[in-house]
Amino acid sequence: MPAPCSLPCCLTTLLCLWVLCHAQYEPWGYPEGYPGPVDNGVKEFNQLTCADVEMDTDGFCSVHSSVRFSGRIWYDNVHCTGKEKSLALCNSNGIGVSDCKHSEDVGVVCSDKRIPGFRFINTLNNNVEGPEVFNDAILGSYRKRIPVTEGYVEVKDGGKWKQICDEDWTQMNSRVVCGMFGFPGERRYNARVYKMFARRRKHIYWGFAVNCTGNEAHLSSCKLGHSVADKGNSTCGQGMPVVVSCVPGRAFAPTPMAGFRKAFRQEQPLVRLRGGAIVGEGRVEVLKNGEWGTICDDNWNLLSATVVCRELGFGTAKEALIGGRLGQGMGPVHMNEVECSGFEKSITECFFNKESLGCSHEEDAAVRCNVPAMGFQQRLRLSGGRTPFEGRVEVLAEKNGSLVWGTVCSEGWGTMEAMVVCRQLGLGFASHAFQETWYWPGEVSADDIVMSGVRCSGTEMSLSHCLHHGAHLSCPKGGARFAAGVSCSETAPDLVLNPQVVEQTTYLEDRPMLMLQCAYEENCLANSASQVPANSYRRLLRFSSQIHNNGQSDFRPKAGRHTWYFVFAAQELFAVMPLAEQLSPGGSTENTTSQTSNTLSSQHYHSMEVFTHYDLLNLNGTKVAEGHKASFCLEDSECDEGIEKKYECANFGEQGITVGCWDTYRHDIDCQWVDITGLTPGDYIFQIIINPNYEVAESDFTNNVVKCRCRYDGQRVWMYNCHIGGSYSAETEDTFPGLLNNQVTHR
């Protein structure tokens, strides 16, 4: 029996329901005091935020169908996207059009708990509006550079671009301008050259001076100075047009030997971004006592976010995101109630409340930073898709001395390459990578292959930064219908394995080969198992896996439902049972019934051929034993409070892992082990890799690895110090050889 609701809780719930009903009839002229209920055919109703009922929260309303009203039923078959400001704006049968009874009335209970993956409107004052600002490169050497780092500062006023007089210009003003263009700092420039150019050109000056403190995110946030009189041509009194020269971050700085860095890498050892779709955005993580952790979003604002952005080599912050908007982290929450002045060199120098407790990863802070305009989007496009988020990939390349559009060879095309395409176009994460695009008719003039042999690590800012064949094209299938394609999504899942569960559930089992025939057929045993008699034993290192989805969308198998194959666990069950027990009616009916029930419940379709790798490494990183789940059935074993399970393997059900849920593979099921028969006693590294072949796109592949220390004395095993790959400092990770994380440099 559920616990009775407290009086304040009941009053709040009743008020929520009354305001909701009142809010729906009042805009349409319904008489005061005559509210009507809503029918419970509202699948998407729980997507509505409580803003509709004037609740001061960024939470959601859970749906209840046990309420009863009287009077007319105003709405039926209500379908909302979640962005409507009022229930009256959602699609429905129409006002008063319903065939429902009051037994189908629906109610809500408002909660301040966030919906995982749901994109709330940011409550921070992040949207900076003001005059359009442009950095006009004057010198020929800077016009050819990408990004443009030096030039006149121009403001669009009244439809015309105007320069700013430099008489009252300060270094703090230059700092703000560089930040809004994606650069962490400003530098000195050769003023004599610009004075010479200023005398040769006629200038139109903006009518105001600007007074910045240096910590503003945008020039429009600065105070206007005194009005500037028209200075006429070329002189600006004793000054000239404002010139700003900026220092690019290391990821965007050209080098004499290699041009731009081909993959983005974090520069500072104390701060990093995780889970972002493009360069310059992500969940903020800081390193403390050798372990990476997150920042709580209490008091999180643009000033603190800008310190993070500049520290990482970007400009000022565009947005300071709260509520785990870019996914939830793992491990500790290191900082809370952060307060920065905006001039700190690192977020670790800002004041924060060391005593404040109680923050969860639902409150992880994130940032979106201003980054330099690199022009990458103009050299790539998607063609033929039903929406701007999908289509055949077409690249602008040089051919016979001119720039032409062409396609990319699909041989070897996969998730990592698709991730780079979606990032380059600013379309978020890859949803799918396609090796055939005949159903997307692109431009006929762009059918020819202009790029082949593409291999990406997944971190590149542009497809041209990936390894490829260059001018020596090789594509046996050709382009056109076999050209590469992608579909992109604003959100992505993020699988993370719980390292504590692995550590707490590990043990050894000696099992006879007679009971391992199905496991042997699924290649879950070591190669030596093929050369031993049926009455021999195998030593198995068993453990449980608990795989969480901490991302912003559900994890779904890559393979279509029609390609799944059925697994009937009775084969193994009856192989385990003695023949007399299988056939004799005098056997234990209780055990038989229990086992038969377990068998029926384990019949399911496998949707992924390889989902995890289990490896045992020696201390120099050499693999000494391995195991893997030949195929996985994905379902929601358990979910966080307030989240309903959506996926179930039984009865050919839909498979996947919902955001905020986890899939548990217990230690006692088939293939949940590593065969260590014949292993020499000693110290080892145990490693688990989720989604090792990158079959399904995720927002962060670096947290797909779990590593543990393992000691084996020939009879017993100890598993300790289990952690997610990349969760410790580089110095600590050096003591764990092998794969540091699931991010490869090049495949």
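Placed from the backbone N, Cα and C atoms, the Cβ positions cover glycine too.
According to TrEMBL, the signal peptide annotation covers 1-23.
Taken from TrEMBL, the feature domain 'SRCR' applies to 70-111 (among others).
The Cβ of C80 (disulfide bond) has 20 other Cβ atoms within 10 Å, all protein chains considered. Residues annotated as disulfide bond in TrEMBL: C80-C90 (among others).
As annotated by TrEMBL, domain 'SRCR' applies to 135-247 (among others).
According to TrEMBL, the feature disulfide bond maps to C212-C222 (among others). Around the Cβ of C222 (disulfide bond), the same chain contributes N173, V176, V210, N211, C212, T213, E216, each under 8 angstroms and 6 or more positions distant in sequence.
Residue counts of the domain 'SRCR' (271-370) by helix, strand and coil are 16 helix, 33 strand, 51 coil (DSSP-based). What TrEMBL records for 271-370 (among others) is domain 'SRCR'.
Residues or ranges marked as disulfide bond by TrEMBL: C340-C350 (among others). Using a 10 Å radius centred on the Cβ of C340 (disulfide bond) and all shown protein chains, the other Cβ atoms total 22.
Per TrEMBL, the feature domain 'SRCR' maps to 380-489 (among others).
The feature disulfide bond is assigned by TrEMBL to C456-C466 (among others).
Mean per-residue pLDDT, taken over the domain 'SRCR' (70-111), amounts to 78. Mapped onto DSSP classes, the domain 'SRCR' (380-489) shows 19 helix, 40 strand, 51 coil. Among the disulfide-bonded residues C80, C90, C456, the residue whose Cα lies closest in space to that of C340 (disulfide bond) is C456.
The candidate set comprises the disulfide-bonded residues C212, C456, C466. Of these, C456 has the most other Cβ atoms within 10 Å. Of all Cβ atoms in the shown protein chains, 18 besides its own fall within 10 Å of the Cβ of C350 (disulfide bond). A separation of roughly 37 Å, to the nearest angstrom, links the Cα atoms of C350 (disulfide bond) and C456 (disulfide bond). Across the structure, C80 (disulfide bond) and C466 (disulfide bond) are spaced 42 Å apart at their Cα atoms.
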